[in-house]
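Copied over from TrEMBL:
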- 36-58: transmembrane segment (TRANSMEM)
- 70-92: transmembrane segment (TRANSMEM)
- 104-123: transmembrane segment (TRANSMEM)
- 143-163: transmembrane segment (TRANSMEM)
Amino acid sequence: MQYVNVGPGGQVQIDQQALKRAEAEHKVKCGRYLKFAFFAHLAALLLVNIVVWGIYGMLRSKDRGGTYPWPLWVTFGSIVLVIAHLLSMLPYYVCKPSSGCPRWVWVVLLNLLLVNIVAWAVYATSESEACAPGVHCEYLWPAWVSGSTALAALVVVAMPWICGHFFGIHDDVGDSEVDEEMYYRSDSD
């Protein structure tokens, strides 16, 4: 489909309706791709969990594999992966792209938040299994996770500003740059 037409007098006309339709079509296709990817990952994780729990059911005696419910960790990991996938898709459904705060920043920040939640959940679970009730006997390792992800979040938030300051925002193209590119292109043709 042609969005730009050049009239007989050299006048450039843009078919706004066709352009809006193409953008809407692109958005619908992206939505379909995201849904397909999500449900494909969900189906694969469901299959992995069925197999793991089946193996656990067959090996559940003390002689073969013990009675510790280790597949719970596989299921927990699967749930975390599904949540990470949803968090990675969320900015593409909710946010409009902008050069000031790109969507990838939100994807990274949401996943850093998930890493913290998972670290503290694992710590709370392992702490309750390792220590007597009311006794704190484990090293507070999730504090290191939270500190390092907070530092990473600061870097990620600052990255668009730093890159924009030193290298220029890629979407922000001035008329002089376009004119210069057109001039060099016409010389090489």
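From the backbone N, Cα and C atoms, a Cβ is placed for every residue, glycine too.
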By Cβ distance under 8 Å, which residues at least 6 away from the ends of the transmembrane segment (70-92) in the same chain are close to it? 30, 34, 37-38, 41-42, 45-46, 48-49, 52-53, 55-56, 103-104, 106-107, 110-111, 113-114, 118
Outside the transmembrane segment (36-58), at least 6 residues beyond either end, the same-chain residues with a Cβ under 8 Å of its Cβ set are 65, 69-71, 74-75, 78, 81-82, 85-86, 89
